[in-house]
Amino acid sequence: MAINLTGRSLLTLLEYTPEEISFLLDLSAQVKRESRARIVHKRFAGKTLAMIFEKRSTRTRMAFETAFAEEGGHPIFLSIQDIQLGAKESIEDTARVLGRMVDAIMFRGYKQETVETLAKYSGVPVYNGLTDVYHPTQVLADLMTTQEVFGKLKGIKLVFMGDGRNNMANSLMIGCAKMGMHYVVCSPAELRPDENLMQTCLTIAKETDSKIEVIDDPEKAVDGADVIYTDVWASMGEESKQQERERLLRPYQVNEVLMRKTGKKDTIFLHCLPAVKGQEVTFDVIEGKQSRVWDEAENRKHTIKALMIATLL
């Protein structure tokens, strides 16, 4: 069956089928091959992308901006200081105005409700570049990187070490459930995943032959892991909780000893970045031969370009 994503938003991967995600990953691989071969297109010529940032960004901004501009489009950066979003003008009205002026909107900020409202009222594709609860474009890059290394996603065991409630843990759970992977959240009891999301993903897992577990013992969790993934201990906006998180998460640091506990020589390490080396991951691991974080970072651009090609053309 032909896949047509024209006009679609990406708010979470819950709204995408496994077949649609596979389509995006295949298109991402094609985009990457074209990029490496210096094949130039102008697929976004005459189109404009509004990029709204409440939170700072390196990879997300660079990926969206360069991907759109390379294809002949006009990306516009809008910080929260530049526009009236939710201040003197409602989010609904901002969405209506932008929808009359641009072809797509990217939002990176705090509340998931904001990106959902933009999608509801703008009438154009809206992309979630990160909220407090989800980071779907990052997971597309994670899945692409994993597939590049292992040649498949089905049955691959991915272990997330750290804060089981954060946006990466949530989004990876969805992505792994959709793609038939074995997903383990390894976190202390205080930072376990949201129960409602767990139940949603467990329901998906029954249909895709996925497996989802929550384990608090790091050594038990990583046994047989193909991918070990971690994120900063205190996410953006949670800096005041840094000391508490260090106390809770120090036993969940990804180091060389833990990497060896997988029992596999080809286990890879992933991190959405930025990383605090020496906290959630040691220097030796992130800079070591098992690390694929720089491929993963590059793949942000290819997956985001593929997403925009699929939804805008």
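The backbone N, Cα and C atoms fix where each Cβ goes, and this holds for glycine too.
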- Record-annotated carbamoyl phosphate site (Swiss-Prot): member among Arg8, Arg165, Arg300 besides Ser57, Thr58, Arg59, Thr60, Gln84, Arg108, His135, Pro136, Thr137, Gln138, Cys272, Leu273: Arg300
- Message: Please give the maximum pairwise Cα distance, in Å and rounded to a whole number, for the carbamoyl phosphate-binding set Ser57, Thr58, Arg59, Thr60, Gln84, Arg108, His135, Pro136, Thr137, Gln138, Cys272, Leu273, Arg300.
- Response: 30
- Task: Among the binding-site residues listed here (Ser57, Gln84), identify the one with the smallest other-Cβ count within 10 Å.
- Result: Gln84
- Note on the structure: What remains of the binding-site residues Thr137, Cys272, Arg300 once a 10 Å Cα-Cα cut-off to Asp231 (L-ornithine binding site) is applied is Cys272
- Three states by DSSP: which one describes Gln84 (carbamoyl phosphate binding site)? coil
- Task: Drop a 10 Å sphere on every Cβ of the binding-site residues Arg59, His135, Arg300 and tell me which sphere holds the fewest other Cβ atoms.
- Result: Arg59
- Query: Here are the binding-site residues: Thr137, Asn167, Ser235. Which has the lowest count of other Cβ atoms within 10 Å?
  - Reply: Ser235
